[in-house]
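Taken straight from Swiss-Prot:
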TRANSMEM  5-25  transmembrane segment
TRANSMEM  77-97  transmembrane segment
TRANSMEM  150-170  transmembrane segment
TRANSMEM  184-204  transmembrane segment
TRANSMEM  207-227  transmembrane segment
TRANSMEM  263-283  transmembrane segment
TRANSMEM  304-324  transmembrane segment
TRANSMEM  356-376  transmembrane segment
TRANSMEM  406-426  transmembrane segment
TRANSMEM  430-450  transmembrane segment
TRANSMEM  469-489  transmembrane segment
TRANSMEM  498-518  transmembrane segment
Amino acid sequence: MKIRHWSALSLFVLPALAQAEALTGEVHRQPLNIQAIVMFLLFVGGTLYITYWASKRTRSRQDYYTAGGRITGFQNGLAIAGDYMSAASFLGISALVYASGYDGLIYSIGFLIGWPIILFLIAERLRNLGRYTFADVASYRLQQRPIRTLSACGSLVVVALYLIAQMVGAGKLIQLLFGLNYHVAVVLVGILMVLYVLFGGMLATTWVQIIKAVMLLSGATFMAIMVMKSVNFNFNTLFSEAVKVHPKGLSIMSPGGLVSDPISALSLGLALMFGTAGLPHILMRFFTVSDAKEARKSVFYATGFIGYFYILTFIIGFGAILLVGPNQTFKDAAGALLGGNNMAAVHLANAVGGSFFLGFISAVAFATILAVVAGLTLAGASAVSHDLYASVIKKGKANERDELRVSKITVIILGIVAIGLGILFEKQNIAFMVGLAFSIAASCNFPIIIISMYWDKLTTRGAMIGGWLGLSTAVILMILGPTIWVTILGHEKPIYPYEYPALFSMIAAFIGTWFFSITDNSETGKQERLLFKSQFVRSQTGLGASKGGAH
């Protein structure tokens, strides 16, 4: 039960994990798919042209980090959806529905929970208070150097874990769909990722994400329509026929089959819910619009697109039960699905649209990874150049040219590191990194952002101790947990018995921040509390906020 639970969770906790087997089992390499290769090359050619176009319009620091603030709310909503909707969601959740039925819907809802928090509590204030990174907001009335250092470290740890998982996921996915060598796939993704961000900055990254979102939504919509057409657009027929052909029968319509440990499930739920609001590459997108109103519209549109997409994956999963499961064309000699369960959506694409549509869906799956790694790389580069170099090392006195140069050097270094780690971790089960990334975002980044915006008694001392406490607790508990302590290090029993640390590390972060703030009687602390009123006025009105260019 534990193994089943873990392999299920590894499918969809992050956009990086585009496949179950890539992380938890054998990868079945597919024959070279020429149509998929052609469509992928068309996508790459188009996005490289966009990068060239964007490079001509990226002249300043604001252009590079935020596309000059000229992205509309609708465009940014699509881009956020493109950054968030993943190959993991498309292949992973549909695979879970194919294998276990109703439980897949529960996990897809888990991804949506965090967006109302961003919509109602974070988006507008973040846009009014910040400029390029969420550290601008966290350090608004606190001491710049320690807070920016903490925020940058939290961002870089999340980005690094995300990138490792993305690169391993990319290599395995391309091996599955295209038949290419794993190392070739990882190097290819790394090179494209660097090109997009190095030359096109946020403008190129945004349009890559928009194109990917449109392709993914279009492809998934077509698949869902074809599935519903096969049952005369009757959901009762879809579910009743699926129950008849599925080996588990009626149990696929019941929830709870994948939950073996309530504490781990609760901890994962907290990480997903609050970690989303602490992901640096998602938060960075709110600075690409002109004002708080457009930021709010961005989240509204993004939530709509993402919610619609997860409904589609549920239909696609049941469609695979109905149209792929009984079809021996998609099975091997042992009766198992070719390529593993996570190929269910890809086989369904073949079943409803033939080889041409199969090629399109394969290319879309690869495009999802390119869109996400581009956003991650830019978030990591901005944390180094804007937060660490310009604000900490140069104490806010760096010139724009030097800051951009540092950012671009960081992009190249991140690309090389991502390729190296992707190759290094090829044989590893890296699912634990996914849980750790969300847990760190929820335990370090989220508490700092939310408390700094809403609590007038916060001081630098409280934020520093609470933030580092959350970050270190998440890492230590993950190391002492069953995945690393037992599976990787080979000990008999874990010291920390649960899969995810967020339940405890978040509590540590919030309590630490609260306690060390209220006990801070220093003059600096008193001054920081007095500055809350001016921060509150700006966060509500936008007076003095950085403005984007004209749309």
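Positions of Cβ are set from backbone N, Cα and C atoms, glycine also.
Just so it is clear, the model here is predicted, and its values are computed rather than measured.
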Q) Between the transmembrane segment (77-97) and the transmembrane segment (207-227), are there three or more C-beta pairs closer than 8 Å, counting only pairs 6 or more apart along the chain? A) yes
Q: Mind pulling out the one from 150-170, 356-376, 498-518 with the most Cβ pairs under 8 angstroms to the transmembrane segment (184-204)?
A: 356-376
Q.
What residues elsewhere in the chain lie close to the transmembrane segment (304-324), defined as a C-beta under 8 angstroms and at least 6 residues from its ends?
A. 77-78, 81, 84-85, 89-90, 93-98, 101, 104-105, 108-109, 111-112, 115, 213, 216-217, 220-221, 223-224, 226-228, 230-231, 238-239, 241-242, 245-246, 252, 330, 337, 344-345, 347-348, 351-352
Q: Report the listed stretch (150-170, 207-227, 469-489, 498-518) having the maximum count of Cβ pairs within less than 8 Å of the transmembrane segment (430-450).
A: 150-170
Q.
Cβ under 8 Å, sequence separation of at least 6 from the ends of the transmembrane segment (469-489): give me the contacting residues as numbers and ranges.
A. 2, 6, 150, 153-154, 157, 428-429, 431-432, 435-436, 439-440, 443-444, 447, 495-502, 504-506, 508-510, 512
**Q.** Stretch among 150-170, 207-227, 406-426 sharing the most Cβ pairs under 8 Å with the transmembrane segment (356-376)
**A.** 207-227
Q.
Cβ pairs under 8 Å only, please: of the recorded stretches 207-227, 406-426, 498-518, which one is richest in them relative to the transmembrane segment (150-170)?
A. 406-426
(Q) Which residues of the chain, 6 or more past the ends of the transmembrane segment (498-518), have a CB below 8 A from one of its CBs? (A) 5-6, 9, 261, 263-264, 266-268, 270-271, 274-275, 435-436, 438-439, 442-444, 446-448, 451, 455, 457-459, 461-463, 465-467, 469-471, 473-474, 476-478, 481-483, 525
Q) the transmembrane segment (207-227): which same-chain residues, six or more beyond its ends, come within Cβ distance under 8 Å? A) 43, 46-47, 50-51, 54, 75, 78-83, 85, 90, 196, 238, 305, 308-309, 312-313, 315-316, 318-319, 322-323, 345, 348-349, 352-353, 357, 360-361, 363-364, 367-368, 370-371, 374-375
